[in-house]
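**Q** This is the structure I have questions about; it appears just below.
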Amino acid sequence: MSRRRVSFSDGKQCKGGRRWSNPLVVLFVLCCVGCSICLLWGLEVYGILERKVRVRALGDEREKTLLDQHNLSKDRVQALALLISSLNQGRFYECMSKSVADERLGSSLLHVLREQHPEIDQSQDQQHWDRENMSHEKVSVEIMQETHQFFPEPLLNILYLVIVEMVVFSMGFALGIFFKSSCQQFQQQKHYKPQNSKGRGKWSKKFLFLGVLLGLLVAVWIFLSMKADITERRKETLVNMCDERARMLQDQFNVSMNHVHALAILVSTFHHGKQPSAIDQKTFAEFTARTAFERPLMSGVAYALRVLHREREEFEKQHGWKIKKMKTEYQCLVKDDYNPEKLDPSPVQDEYAPVIFSQETVSHIVSIDMMSGKEDRENILRARATGKGVLTSPFNLLKSNHLGVVLTFAVYNTNLPPNATPKERIEATVGYLGASFDVPSLVEKLLHQLASKHTIVVNLYDTTNVSAPIRMYGPDVASASEMHISNVDFGDPTHKHEMHCRFKHKPPPPWSAITTSLGVAVIVLLVGHIFHAALDRIEEVEDDYRQMRELKVRAEAADVAKSQFLATVSHEIRTPMNGVLGMLRMLMDTDLDATQEDFAMTAQSSGKALIALINEVLDQAKIESGRLELEAVPFDLRDILDSVLFLFSDKPQAKGIEMAACVSQEVPDILIGDPGRFRQIITNLVGNSVKFTREGHIYVSVHLVEDAKSVKVGQCDTLSGFHVVDKRKIWENFSMVKYSNEANDAVSLMVTVEDTGVGIPQDAQIRIFTPFMQADSSTSRTYGGTGLGLSISKCLVELMGGEIGFISKPGIGSTFSFTAVFRDGCKSSDDKKRHHSDPALSDFQGMRALVTDGRSIRAESTAYHLKRLGIHVHVAIDQDSAINTILDVCSTSGKERLDMVLVDKDAWGGGSGISFPRLLLERRQNGAVVHQESLPKMFLVATFLSPTEVHHLKSAGYVDSILKPLRLSMIAACIRKALGVGSKRQQLKGQPMALHKLLIGKNVLVVDDNAVNRKVAACALKKFGATVTCAHSGKEAIRMLQPPHNFDACFMDVQMPEV
């Protein structure tokens, strides 16, 4: 039981603490209410922002993917594949088949496309991404609109109020507990005098009024903060929507720019890279017309060839027309009567850029010199020097009269490196590809795909000239509402563009802030009323708390006294009992007659029982206090089972009860865990079975948890033939059987103790693991015990990481099963060396034995012990098969030898095993040719043998008998004696005088403050030949151990005083 001690050194401190406790708790609860409301409101805002952040992150990621897919640093063939990837493949091949007259062009182009087919397939998802990106933006807008415009605000506020009221009532309950705890602490003083309840209540109510006033101020603050936050969210929504539109416009323009660049590479490859050229005006016009659906934002595409002045005459003769000059130096092509035939020839200059290929929509510009226009000339010079796309200033397009821009790319005749100089680029230039863009149509198409098209107003400006920006899209309407400006990058650093966005409508009233603040005010008033009533109630029950505290202090003092008494008395009993047991052991080593030895053994047995009882009580106290810890040392589980069965062997033999144990071969020989606590669990379970079983059997089995489902279970095929309960019903409830996922070096064991005892009554099964509880009041008088064994076992099993359960039926018996987790000690070389096998067991390696028993489980248990000795075992269930096996092996034609035969006394019924040698002799006399010297040695395995049976054992044909329960050492001794193996080694090992000389010449210091313990330890050490010196205190021992000293070892009490 846990104990808490609280003491106060100053009565004034208690009084001051009591004075401030009530108002502080009231203020604390009010603050918690306000924080809860703010938290709920903040969660909504966080959810909206989180959704917007996710949508924005998705857009950024896909934007990066788009740029990676359209990397302009790839070679021409890859860029050509990029162009074709954006087209419909079927329509492209159809276009190429119909429009390309030159077979060489068709075959070359199709061959290149087939080589780049994997990249084409990957690039075909570009348009799908664009549509999906717009759909995500649409979803984001719909989410924000639903949350801020169409979500039912009153319903949301009612939900807030309900949650806050629940919080308030919970805090009220916590406040009551806090007041109760405060009263208990103040009442702990021995001379505590309660303060005036009325005075305290008066001050508490004053502070409560201040708390309510503070809560109302908090409601006003909530209104102001929520209103400001709504405004900020509206502004942030505008920013996000504007930035999203600017980014999408920029992305779509970059995609179109990549198309133009790829088309420039197409011209470079199939016009300048082929001799003769594979492209003419008809092919170019038809191809661009058929693929125009992939460039819906372009008014037209044209290609101008670079012609030097010395090449002009030859060029004009080749094409049959003159290079013409633009009508004006600036592109203001807005008149419908525009006729290129009326244009003047281009004036003489260093070089020209006449248009030789054009789309049908701009066929009127063929033969026009692009270098004759001032702005076009500047763009051409910049494009070929930089190798990038260059834009013009906005101008009105033909017929549509929309503002547009022209994008120009230089076409090179060689593959230039990325770090080429402007001079190298100018020398490699062979032409220029230009495309005109309808900017208003581009923006209108983008906004048409968005759900929030009518929510905000969008304007697009060319701000290259900051003093005179050009409005490219949007209404010319001045508004006083909030506006956000987003930069748009079209890829040309010399031209700057901006997108201006603003809301169309005015913001609605902040209904959420109004309703929430009003709700908080109402809740604050309600809480004030609740706490006012609570303070009155606290004053009434304060006296009851004081009385309860006094009773609790008395109970805790009694518990402390009980624990101290238990520890003191158990220690005081254990100390003299250790002396009694030690002296009895030494007395038994002296020469005693039979009567004296019986008296000494009886006294030693009683002392051990008393020590066991003390240990149980101490273990229970350790478990209750949580101080019980487990060791982790290597041990042999099979040896522990042998020792436990030997411990209880007397009573089963007297009752005629079968007792056996069997461990699966899959269980490692060495485990790492706490052998003492494991032995304690087995001892408690086997002890209960021995105590409550009058006839039948007690069977202990150990398997791995993983193999538990494959274990054969029979209710009739048992050790003694008695019916037993079905132990599989216990395993079904173990979580370790359902979910077995231990570490690599972990070993999970399933241990089962089965008996055919009286069983446990149904009404007593629910309290079987309760400390100091037994089936009924008569159990302790009939069978003895304290009722602690199973309780302690359950706690130990849980400390080992396992579970314990049982199934029992009155009149049939009980079965207890538990799981435990250990570590595999066989994987450690140190543990193998420390627990090596007994060298004497090597004498049995290679021997063969026959186990004859009518019960398979009993035969399996006998074979288990023989296999531990290294003996090869064959099992025969019936008599005929056993006799035939012996005769076959022992005949002259037999190729295998048989060293021994073990026959159970009750193999085929009561005492039927004794007559087995006679049946074997009769078969030999009936004609079987068997040499007498080849017959195996026969052993009788029995639970109990009467003196008459022992006398006639050899005459019946047996060389010796082995009593149950079987143990490895006992079986080895009987076989060694009968077969005469290892006699010299055992004689040397069995010399008792060898241990008496173990410590001869050694000086040992024994230190203990108890004279009896000193005497016992000294006598035990002298028994082995040591010279013993005793010290009664720690100081004396330290003085004697000051160097130099002649002691070889020192034995000292671990809790020695003065050390």
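The backbone N, Cα and C atoms fix where each Cβ goes, glycine too.
Annotated transmembrane segment per TrEMBL: 20-43, 158-179, 207-224, in sequence order. The feature domain 'CHASE' is assigned by TrEMBL to 275-500. TrEMBL lists 531-558 with the feature coiled coil. Positions annotated as domain 'Histidine kinase' by TrEMBL: 568-824. For 848-979, 1003-1059, the entry in TrEMBL reads domain 'Response regulatory'. The annotation 4-aspartylphosphate is assigned in TrEMBL to ASP904, ASP1053.
How about a rundown of where these features are and what they're close to?
**A** The predicted model assigns the domain 'Histidine kinase' (568-824) a mean pLDDT of 84.
Same-chain residues at least 6 positions away in sequence with a Cβ under 8 Å from that of ASP1053 (4-aspartylphosphate) are, in sequence order, VAL1007, ASP1008, ASP1009, ASN1010, ASN1013.
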**Q** For ASP904 (4-aspartylphosphate), just count the other CB atoms lying within 10 A of its CB, please.
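**A** ASP904 (4-aspartylphosphate) is surrounded by 24 other Cβ atoms within 10 Å.
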**Q** Do at least three C-beta pairs under 8 angstroms join the domain 'Response regulatory' (848-979) to the domain 'Histidine kinase' (568-824), pairs 6 or more apart in sequence?
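**A** Output yes: the domain 'Response regulatory' (848-979) sits against the domain 'Histidine kinase' (568-824).
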**Q** Within the domain 'Response regulatory' (1003-1059), count helix residues (DSSP H, G, I), strand residues (E, B) and coil residues, in that order.
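**A** So the domain 'Response regulatory' (1003-1059) is made up of 20 helix, 14 strand, 23 coil.
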